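So that we are looking at the same thing, I have put the structure below in structure tokens.
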Amino acid sequence: MEESQSELNIDPPLSQETFSELWNLLPENNVLSSELCPAVDELLLPESVVNWLDEDSDDAPRMPATSAPTAPGPAPSWPLSSSVPSPKTYPGTYGFRLGFLHSGTAKSVTWTYSPLLNKLFCQLAKTCPVQLWVSSPPPPNTCVRAMAIYKKSEFVTEVVRRCPHHERCSDSSDGLAPPQHLIRVEGNLRAKYLDDRNTFRHSVVVPYEPPEVGSDYTTIHYNYMCNSSCMGGMNRRPILTIITLEDSSGNVLGRNSFEVRVCACPGRDRRTEEENFHKKGEPCPEPPPGSTKRALPPSTSSSPPQKKKPLDGEYFTLQIRGRERYEMFRNLNEALELKDAQSGKEPGGSRAHSSHLKAKKGQSTSRHKKLMFKREGLDSD
């Protein structure tokens, strides 16, 4: 009991007496003035809302002033790209057209152009000069773009690229050209190889250079870095090369195109396709107006075959000296007569020939017997 009584006599640190002493230390007036502590509303609401609430009630309620929504900025200007480039010929105001040097169909040629088919035949990674003709000089900063597309409609939306084998075989000689690009420019360090950000098509662009003194055209040397028969690449699908003349903003000033086949023997393939073209009797594609592509003269092989004349039924007498020669010619004649009779071309004539042949054969045998009898009589004498 004594211990508990002693504990009650000890004042706790925050007992009632201690609190009363602390309360007396506070000032008598303005205990909760705004100078000592901020208002509760100010602690919970932003300053703009508090000022709006403190305004006179007679004024119409207004929302706090906020900045007006700004219009969205213009979209970045991307160059306009068509998903399927047009191969249609468009000379434009500058009379843009293409030309090719005259080339034969020998086995040794590395490239050859067929005006009849409007088609270029070339070997892998061989230089193919293409002439650019204009009727008037284009504006400064004009460029020339080359792009490959598939010719058939079922493949035209696909991107023409090299096969995986040739893409892996790229070496340091490729220079700035990416390994997947099919068309490359030779001898021009200012060539740019581009991938369209919308269609992912490959193209190569070079600045347009005016013709040199004494020349009427500009020449660009192109290379094709994959065969048309490569699996995983073109895979025997025909392609077109589109050459466009463009200004600095990408607007097309002129356009032209031609078909391309990359093969091992350009001369042989050109001869074969031209012969098949004549056999089919397809109309010759008209070259673009003002083009320097010369069409081949029409071949005589396309004319209809002439009908064979009927056999002549007239008989002729041929005098032959010597029996051996006579027998030889007689056997030859009999063989020809038998051939005509078996072919059935002249049924009436063959019968007449056969009957005449039998009569002549009978006469020859009788004469032969008479000669034999005479010889035997001389021997017996």
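Note: Cβ is positioned from N, Cα and C throughout, glycine not excepted.
Because the structure is a prediction, the values reported are computed rather than measured.
This is the feature table in Swiss-Prot:
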type    : residues                       : note
MOD_RES : Ser33                          : phosphoserine
REGION  : 63-97                          : region 'Interaction with WWOX'
REGION  : 87-358                         : region 'Interaction with HIPK1'
REGION  : 100-224                        : region 'Required for interaction with FBXO42'
MOD_RES : Lys107                         : N6-lactoyllysine
BINDING : Cys163, His166, Cys226, Cys230 : Zn(2+) binding site
MOD_RES : Ser170                         : phosphoserine
REGION  : 261-268                        : region 'Interaction with DNA'
MOD_RES : Lys293                         : N6-acetyllysine
MOD_RES : Lys309                         : N6-acetyllysine
REGION  : 313-344                        : region 'Oligomerization'
MOD_RES : Arg321                         : omega-N-methylarginine
MOD_RES : Arg323                         : symmetric dimethylarginine
MOD_RES : Arg325                         : symmetric dimethylarginine
MOD_RES : Lys358                         : N6,N6-dimethyllysine
MOD_RES : Lys361                         : N6-acetyllysine
MOD_RES : Lys369                         : N6-acetyllysine
MOD_RES : Lys370                         : N6-acetyllysine
What is the separation, in Å, between the Cα atoms of Cys163 (Zn(2+) binding site) and Arg325 (symmetric dimethylarginine)?
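On Cα coordinates alone, these residues lie 70 Å apart.
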I need the CA-to-CA distance for Arg325 (symmetric dimethylarginine) versus Cys226 (Zn(2+) binding site), whole Å please.
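The Cα atom of Arg325 (symmetric dimethylarginine) is 66 Å away from the Cα atom of Cys226 (Zn(2+) binding site).
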Looking at the recorded positions Lys107, His166, Arg321, Arg323, Arg325, which sits with the largest number of other Cβ atoms within 10 Å of its Cβ?
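Of the recorded positions Lys107, His166, Arg321, Arg323, Arg325, the most buried by Cβ count within 10 Å is His166.
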List nothing but the one residue from Cys226, Cys230 whose Cβ has the fewest other Cβ atoms within 10 Å; the candidates are the binding-site residues.
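Among the binding-site residues Cys226, Cys230, the sparsest Cβ neighbourhood within 10 Å belongs to Cys230.
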May I ask which of the recorded positions Lys107, His166, Cys230 is closest to Arg323 (symmetric dimethylarginine) if we compare their C-alpha atoms?
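Of all the candidates listed, Lys107 is nearest in space.
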Excluding near sequence neighbours, so keeping only residues 6 or more apart in the same chain, what lies with its CB under 8 A of Ser170 (phosphoserine)?
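The answer is Pro179.
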Reported as an integer number of Å, what is the Cα distance between Cys230 (Zn(2+) binding site) and Arg321 (omega-N-methylarginine)?
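The separation of the Cα atoms works out to 70 Å.
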Averaged over the region 'Interaction with HIPK1' (87-358), what pLDDT does the prediction give?
86
